[in-house]
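What follows is a short report on a single structure.
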Amino acid sequence: MGRSPSSDDSNLKKGPWTPEEDQKLIDYINKNGCGSWRALPKLAGLNRCGKSCRLRWTNYLRPDIKRGKFSEDEERLIINLHSVLGNKWSRIATHLPGRTDNEIKNFWNTHIRKKLLQMGIDPTTHKPRTDLNHLLSLSQLLFAPQISNLISLNSLDTALKLQADHAAQLAKIQLLLQIINTNTLLPNIDSTAAAAALLRSQNLQPFDAQASGISNNQTPLPPSNSSAINENSKAYFDMRNKSLSGSSDVEAGNSLPALVSESPETCTNDNNQGETQANTNDSSIFEAWQKFMDDEPSGTYWKDVLDLTPSSPSPVSW
DNA sequence: AAAAGGGTCAACCGCAACCGC
DNA sequence: AGCGGTTGCGGTTGACCCTTT
């Protein structure tokens, strides 16, 4: 393995580049091209290692570099590409002319990552978060109606209360789905079918399901209404939707993964077979849930949900 | 006004892939 | 095939700047 060129010479300058150094590098490359980065510093009269020169040129001095804020389109594209490629910054950068891998990496770590976390989406997997902190924040939402009831005695705006109720409902569903998806408590449950049954029982709109992280469809649905979670998730799906329809330069075969992966039962090669299996699993799902709820001392909410018997399941599509 | 804390981003480091001998 | 040199990549660091207290 070749030794690092910068590690063997302590006399070489490190740290921020001065305008004079920049000018020397630009002048040299304009005259002679890049050539060998190892030889370049000496030839250009720079007391830097070749690696440092290459980095300075590719990330900062190159004439075709686009500087300034990332546009919304670029942001959408980065999120989409990241969901397909992961932390392959250089590969992502090839889809954004004028942007460097370093710039995209920084933008991801400082902006997008945080944004996704706030939306309740894991920036690594692009799926709803399952970490403890997030579940704790969901649990806070669960109590939103009770809190708003207390405040409503002091004339809380009705719209705010509705929003709190709605947020709590979404939190419940997301929590349920996360429990199912972690496959620790109920390993045999088909999450997609369970979600469908839950939707039926709650008379939820399709987007409400998506805001909660329920999806068995590659293409997100159009957004609908309000509440903090709803708006955030809506923005995320909207972003990915736009990018899906607008970006054709992602290599074939790299279709975007579903936010919540399909359960093994529904991921068969034969689509019909998968669908049938999901339907026939409906009753066993409810049996399992019923048992789960029976074990829960005060799970009245979940009981309410599940007591709506699945005797005549209507097809749910979203 | 000053200190503390947090955010941003250029630059560095170490590793791995690539290439030529 | 094996070795050494070079380049590219991704993670991390630290200086600088802005905001908050």
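In case you wondered, yes, glycine gets a Cβ from its N, Cα and C as well.
Automatic, uncurated: that is what TrEMBL annotation is.
What TrEMBL says about this one:
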type: COMPBIAS; residues: A:212-230; note: compositional bias 'Polar residues'
type: COMPBIAS; residues: A:263-281; note: compositional bias 'Polar residues'
type: DOMAIN; residues: A:9-61; note: domain 'HTH myb-type'
type: DOMAIN; residues: A:9-61; note: domain 'Myb-like'
type: DOMAIN; residues: A:62-116; note: domain 'HTH myb-type'
type: DOMAIN; residues: A:62-112; note: domain 'Myb-like'
type: REGION; residues: A:210-230; note: region 'Disordered'
type: REGION; residues: A:260-281; note: region 'Disordered'
Looking only at the domain 'HTH myb-type' (A:62-116), what are its DSSP counts of helix, strand and coil residues?
35 helix, 0 strand, 20 coil
Helix, strand, coil: count each for the residues of the domain 'Myb-like' (A:9-61), based on DSSP.
31 helix, 0 strand, 22 coil
